[in-house]
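Colleague: So Swiss-Prot has the following annotated:
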DOMAIN    218-426  domain 'Histidine kinase'
MOD_RES   221  phosphohistidine
TOPO_DOM  1-6  topological domain 'Cytoplasmic'
TOPO_DOM  28-37  topological domain 'Extracellular'
TOPO_DOM  59-68  topological domain 'Cytoplasmic'
TOPO_DOM  90-99  topological domain 'Extracellular'
TOPO_DOM  121-132  topological domain 'Cytoplasmic'
TOPO_DOM  154-166  topological domain 'Extracellular'
TOPO_DOM  188-428  topological domain 'Cytoplasmic'
TRANSMEM  7-27  transmembrane segment
TRANSMEM  38-58  transmembrane segment
TRANSMEM  69-89  transmembrane segment
TRANSMEM  100-120  transmembrane segment
TRANSMEM  133-153  transmembrane segment
TRANSMEM  167-187  transmembrane segment
């Protein structure tokens with residue numbers, strides 16, 4: 001019964017910081033998934049590891065058993081190498097200061113346990129939940145094997161002496177199984193929390209889009225008809241005789257340009273109101289990306305911006321090619337307008353990743369702050385002086401209608417990367 005109490009205590013040490021972080025940091029309502037607070041996660045992970053060392057599960061031949069390595073693995077996968085190494089260093093220092101025999105095992109296992117997460121660190125965010133759990137199980141098996149191997153090596157060198165080898169093997173196996181189970185449980189909970197947060201963000205965005213679409217449907221048609229009449233009478237008003245005056249010609253140009261801008265805004269409203277009008281078919285996304293890039297080259301040249309396109313061949317996808325093309329154009333246009341004149345670089349790529357097709361649009365523009373990224377996609381929010389924000393709102397709707405996701409990774413004055421993920425599965 002005592003050992004069961006120790007096991008439950010260690011489970012609390014590992015899972016409580018995860019749930020605490022979810023409540024205080026990820027529980028904030030936001031359209032986009034909140035950015036990970038690396039410092040806070042690292043602090044929680046260090047605390048969890050130290051508690052596992054202070055309150056070990058049991059002792060045998062002066063060896064402490066615990067779950068102190070699990071926060072290291074979690075930080076390496078979900079935060080960064082620096083975060084994982086910080087937690088690992090805190091574990092090793094605490095072991096050396098207070099539990100020297102255990103530090104021998106930590107020092108032996110640590111390099112091997114760190115290498116595997118670092119090797120898969122870049123691929124980890126794009127793995128499915130099943131693959132992540134499978135990789136975590138592999139790491140646990142490697143840890144158990146290395147633990148047994150280092151135990152016998154240290155015993156053979158008379159550094160540590162295990163008097164009851166049978167009991168040691170049994171307890172080490174039970175401890176290894178327990179560590180594997182808690183690591184898998186932790187990964188599963190983290191992935192479930194991430195899925196729920198993403199779903200919540202989509203629901204918040206969908207509610208806002210529904211309100212805007214209803215408004216667009218009721219207002220757009222009523223406004224478009226008077227604008228058409230106004231445009232016709234403006235052209236009649238500024239006849240050939242009137243246009244001989246230079247100021248009159250400038251007035252006509254200004255009035256017509258503003259009417260065209262109003263017409264464009266109404267068109268965007270109608271695009272949101274007609275989200276049900278999608279003509280889906282199987283098409284080659286790589287060809288669409290190349291075609292869209294070619295169309296945007298002239299606009300980019302006007303802004304002295306270089307556009308590069310890189311796509312894998314035969315990226316077949318099921319969707320509305322016209323709508324997706326509009327979404328890509330909107331994003332590329334925003335990128336071109338965000339980069340400095342004469343020094344701009346836009347790179348668009350498309351590739352398959354399992355059952356997902358990823359489109360990345362990267363620029364070296366002015367970038368965005370976290371607050372600005374949180375508001376992207378909201379109607380009427382724009383980073384441009386004369387912008388309405390409707391173009392990006394329409395883009396969000398198009399991606400959402402194709403059961404995809406769109407995310408932004410940006411640093412102020414360093415550039416932005418837009419990532420679109422679309423399902424690659426074709427209808428049977």
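Every residue, even glycine, has its Cβ placed from backbone N, Cα and C.
A description of the local structural setting of each listed feature is requested, covering burial, neighbours and distances.
Modeller: In the topological domain 'Extracellular' (90-99), helix, strand and coil residues by DSSP number 9 helix, 0 strand, 1 coil.
On the 0 to 100 pLDDT scale, the topological domain 'Cytoplasmic' (121-132) averages 85 in the predicted structure.
The list of residues near the transmembrane segment (7-27) in space but at least 6 beyond its ends in sequence, with Cβ under 8 angstroms from a Cβ of it, reads 34, 37, 40-41, 44-45, 47-48, 51-52, 55, 57, 66-67, 70-71, 178, 182, 185-186, 189-190, 193, 197.
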Colleague: Go ahead and report the DSSP secondary structure tallies for the topological domain 'Cytoplasmic' (121-132): helix first, then strand, then coil.
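Modeller: Going by DSSP assignments, the topological domain 'Cytoplasmic' (121-132) contains 7 helix, 0 strand, 5 coil.
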